[in-house]
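Please read the structure below before turning to the comments.
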Amino acid sequence: MNTTQENNKDNQIEQIEKKVKIQKPKKADFRMHAHVNPLNETLFPYPLNYNQVDWSLHYPKKFGKDPLKLYLNTLEYPISYDDQVNPECSQSIVDFLDIGCGFGGLCFALSQNYPDKYTFGMEIRGKVVNFVGEKIRALRNEGEAHNVSVIRTNTMRHLPQYFRKNSLEKIFICFPDPHFKKKNYRRRIVNSGLLSEYAYLLKPNGRIYCITDVEELHNWHVQHLEKHRMFKRVQDVEEDSAAKLIWNSTEEGKKVERNKGSKFIIVCEKV
């Protein structure tokens, strides 16, 4: 085969690859119960410490790996945690963390608006994680979303096992389960103990964002954040571009908007 024929063959292969399009998933195929008890025993894998987290699985392009292979810690896309992680790959590159990311609306908005930052979504519901992961793969196939990833995990039980101290710039908690019954307050994702974990992981002057459509839960957020010695409330929230994004980027936020409901937000900075 001469050089001209080889070049023609390469061009044909390239054109075929460009025509192959990965379809974006449909939410209707990934619906499941809205809430999962975070205090239950974790029945899926999780790292014992942050040295077992291989970030090259989540942001493969940065590490020169196949960007279309998914590692979501679900049955369909499993992860195996062990001590054989390359030290270079165990150094977290995550800037923004979305806790309880749901269908990933905020993750994708952050990815687009902060292209030089790495966003990571954590979600406990396996089907929902698969939806976000498959959407990420479809976008990566189009040359996008290389700076966003998602994983199935239980943040309330395992968050410090993923990140080092002073490593995150922003933490987002959007429309969490209000757990109205008093006996279930301990399931709320904002409490004194968890706020100490968030403060430990945030960089100095890092920010935490909490938004809800439930005024009683908002008052709970305000009460716990304002009395925590590691946080101070940010007053000029309207000047924070990330705060604007959380208003309508999530599926829940859009639903509240359609129903003409109220939203309540508080942003605090690590002291």
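Positions of Cβ are set from backbone N, Cα and C atoms, glycine also.
As given in TrEMBL:
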{"type": "BINDING", "residues": "GLY100, GLU123, ILE124, ASN154, THR155, CYS174, THR250, GLU251, GLU252", "note": "S-adenosyl-L-methionine binding site"}
{"type": "ACT_SITE", "residues": "ASP177", "note": "active site"}
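The recorded positions examined here are ASP177, GLU252; by Cβ neighbour count within 10 Å, the least packed of them is ASP177. Residues GLY100, GLU123, ILE124, ASN154, THR155, CYS174, THR250, GLU251, GLU252 are listed as the S-adenosyl-L-methionine binders, and the farthest two of them sit 21 Å apart at their Cα atoms. For the binding-site residues THR155, THR250, the greatest number of Cβ atoms within 10 Å around a candidate Cβ is found at THR250.
Between ILE124 (S-adenosyl-L-methionine binding site) and the residue listed as 'active site', the C-alpha separation comes to 13 Å. Note: GLY100 (S-adenosyl-L-methionine binding site) has non-local neighbours MET122, GLU123, ILE124, THR155, ILE173, CYS174, PRO176, ILE189, i.e. same-chain residues 6+ apart with C-beta under 8 A of its own C-beta.
Of all Cβ atoms in the shown protein chains, 21 besides its own fall within 10 Å of the Cβ of ILE124 (S-adenosyl-L-methionine binding site). Separation of the C-alpha atoms of THR250 (S-adenosyl-L-methionine binding site) and ASP177 (active site): 14 Å, rounded to the nearest whole number. Taking CA atoms as the reference points, GLU252 (S-adenosyl-L-methionine binding site) and the residue listed as 'active site' are 11 Å apart.
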